[in-house]
Amino acid sequence: MTPRHLLTAADLSRDDATAILDDADRFAQALVGRDIKKLPTLRGRTVVTMFYENSTRTRVSFEVAGKWMSADVINVSAAGSSVGKGESLRDTALTLRAAGADALIIRHPASGAAHLLAQWTGAHNDGPAVINAGDGTHEHPTQALLDALTIRQRLGGIEGRRIVIVGDILHSRVARSNVMLLDTLGAEVVLVAPPTLLPVGVTGWPATVSHDFDAELPAADAVLMLRVQAERMNGGFFPSVREYSVRYGLTERRQAMLPGHAVVLHPGPMVRGMEITSSVADSSQSAVLQQVSNGVQVRMAVLFHVLVGAQDAGKEGAA
């Protein structure tokens, strides 16, 4: 992992990823029983969130993570900043660097935006840490980390587990990051989607590809359902919403085909009735709300790793 950045799941070795997951658990434990959820870990640090796409879970969890670690958290959005007046992303980034930001957390519709931000602000390796909170259809590494943490908590481990990812793989930054991270952690990954929703070159990914959802269910340890990202489409990817749901939706019938220990995940937002029914989403096998809770502690661990370092995480978490 690049010490000052988290731009892609490929930045993470198995040791890096495991350390972040372990530290996420430590930070969560350190907060148990506190009337005021505050740790002094990042006191005096300034964290800036830069969200150029709509977000609820990711934006809020990064803000909460920073505040629970006593960082000063500042929000920048296109609507409420000079971006709305035409300022470029580069100029905004350089302005925030000059203002003394210690970390920049960016979500942007353009793939590669986080990498560019790191280049622009880190010319002399003394700029702010950059964390990718989702860039176009490219990647979303912290989502993959919180998914991995949830799987580990539910199943007791990730090594050797069979994880089935279903839906709009083509447009999903979550799928890309999860495939890389889960493979790094020793899981077997299966991608299930219609041919039209699979990216070119997917056969080169460390995953098996299937078009038959039912066939993959009996051996699945976890099923990660993905929303169809209609906002990134011009139509024509499948005949109808109803047909898509019939073939690739996680219904009660399909849930009954899963092993009893299997866990159901969804990165959100969910489109109930399309890729997942309400009864499945709200069932005991569903870990959707656990994912949200884990998002805060994972992002606490990521902020700590890029701003301070892993060596004192246990000591800081207990402070």
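Quick reminder: no glycine exception, Cβ is built from N, Cα and C everywhere.
Per Swiss-Prot, carbamoyl phosphate is bound by ARG57, THR58, HIS140, GLN143, GLY268, PRO269; the candidate from ARG26, ARG90, ARG107, ARG242 named for the same site is ARG107. The binding-site residues considered are GLY268, PRO269; of these, PRO269 has the fewest other C-beta atoms within 10 angstroms of its C-beta. Shown in sequence order, SER55, THR56, ALA133, GLY134, VAL174, PRO267 are the same-chain residues outside ARG57, THR58, ARG107, HIS140, GLN143, GLY268, PRO269 whose Cβ sits within 8 Å of the Cβ centre of the carbamoyl phosphate site. In this structure, the binding-site residues under consideration are ARG57, ARG107, HIS140, ARG227, and the one with the smallest number of other Cβ atoms within 10 Å of its Cβ is ARG57.
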